[in-house]
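Undergrad: Among the features that Swiss-Prot reports, GTP binding site is placed at Leu9, Ala10, Gly11, Lys22, Asp66, Asp95. Among the features that Swiss-Prot reports, Mg(2+) binding site is placed at Asp95, with the record citing sequence analysis.
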Amino acid sequence: MIKKSAAILAGGKSSRMNYRNKAFLKYEEDYFIERIIKALKDYEEIIIISNNPEEYKEFGLKVFKDIYPSQGPLSGIHSALNHIKNDYCLVVACDMPFINKDVVNYLGNIKEDYEILIPKFQERLQPLCAIYKKSCKDIMEKELINNSNKLIKTCFKFSMKVVEEFPFIEKVHKKEIKNFYNINTVDEYEDLIKKKEI
C-alpha cells in the first residue's frame, strides 16, 4: 500500500468533446474513470474532484467540488490538497485512459524530497499525472484568488523533482508507453476506439 492519496480530476463536460463528460467515455468495455481507479488501487486513498458529485456515486469514493470553480485544473488540484488525509497526492486527469499501475506506483514510491514530483514525457512536463505535497495548497490558493490559474506557471513556484526515466517501461506492453496520453477531441476518441495509434 502506498501511503499517499490519489485524486482524479473529473472537471466535467469538454467543449472539444461536444460537451460529453470524458470520465464516462468507454474504452475496452470500461469507462475511462474505471480504468483509472483500477490503476490507482495501491494508493491508500482515492478521491474524485468534480462539480457534479452525483454522477460518481456508483464508485463509492468521496467526491469534492472545486473551492474556486471555473479556474481549470489548478482549482481541482487545490481542492484535492484541501481534502486529502495524507501529506502527498497523486493527481490524475480523467481523460487519460492508459494510466498504468506500474507507472503510478513507481512515482508513488519515489523518496519524498520534493513539493511536486512531475514526469516529463516527449519533452513535456505532465502536471496532470504528478504528485503534489499538501502544503502546496496555500500558494495555489493565492494564485487562484488573483486569477493566475496557469498550472505549469504555478508549478515553477515550488521545488520540483522531474522524472524522465522509467526503468521498467521497455519491459511492458507498448500501450503502457502511452501512459501520459490524454483524449481531448472527438476525433482522438474515435481513433482510440478504432484501435488506431494516437
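Backbone N, Cα and C atoms are what each Cβ position is placed from, and that goes for glycine too.
Show me how these features fit into the shown structure, please.
TA: In the three-state DSSP reading, Gly11 (GTP binding site) counts as coil.
A coil conformation is recorded for Asp95 (GTP binding site) in the three-state DSSP classification, outside any helix or strand. In sequence order, Ser14, Lys22, Ala23, Leu25, Phe32, Asn182, Ile183, Asn184 are the residues of the chain that are 6 or more apart from Asp95 (GTP binding site) and have a CB within less than 8 Å of its CB.
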Undergrad: Compare all C-alpha positions of Leu9, Ala10, Gly11, Lys22, Asp66, Asp95, the record's GTP binders, and send over the largest distance in angstrom.
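TA: Roughly 18 Å, rounded to the nearest whole number.
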Undergrad: Lys22 (GTP binding site) has how many other Cβ neighbours within 10 Å of its own Cβ?
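TA: Its Cβ has 24 other Cβ atoms within 10 Å.
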Undergrad: Among the binding-site residues listed here (Leu9, Ala10), identify the one with the smallest other-Cβ count within 10 Å.
TA: Leu9
Undergrad: Taking 10 A as the limit, how many CB atoms besides its own sit near the CB of Gly11 (GTP binding site)?
TA: 22
Undergrad: Just to be sure I understand the packing, how many Cβ atoms besides its own are within 10 Å of the Cβ of Asp66 (GTP binding site)?
TA: 23
